[in-house]
Amino acid sequence: MAYSTREILLALCIRDSRVHGNGTLHPVLELAARETPLRLSPEDTVVLRYHVLLEEIIERNSETFTETWNRFITHTEHVDLDFNSVFVEIFHRGDPSLGRALAWMAWCMHACRTLCCNQSTPYYVVDLSVRGMLEASEGLDGWIHQQGGWSTLIEDNIPGSRRFSWTLFLAGLTLSLLVICSYLFISRGRH
């Protein structure tokens, strides 16, 4: 079955919230799941495999993720639109790659984790951020469909395999693009 990027990312954020949260699902994720009924469970094999892959990307690049997120979240009034702006910067030439897609998904999962696990984050910031990342991510659907879907892309990326290591390497390189885009985005000013 072909899943949308929105469905995959939401299932990943819910899965990640269960793994790293305090045992409860953030109300924003509950609402998003009601608004976009999931055709796959956060416990689905595809979600679990992507979660392992993205966790590895986040772990290997934790300083980059933290620094980029801290710069990004300095102003929150239009954070939903800011996600779209960063997405456009990363994929501006219309030439997505698996590395770019995974770096984007890992960054979004990290952002969701950071927001949902911090009890002092205002509800509206979490809401705007989750909505922004889910909506921006829909821009990957055409390319993902051309590649055979999210399920096909993960089939050969089994932890410990050579392809898994190569995918991690490419995603790590792509993170440099994410950092550059966030710096450009911030230095140009917002809106």
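Yeah, the Cβs are placed from backbone N, Cα and C, and that goes for glycine too.
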To which of the residue ranges 1-18, 163-180 does Swiss-Prot assign the term region 'Interaction with host VRK2'?
1-18
Including all protein chains displayed, how many Cβ atoms other than that of N22 (N-linked glycosylation site) lie within 10 Å of its Cβ?
10
Model confidence over the region 'Interaction with host VRK2' (89-142), averaged pLDDT:
87
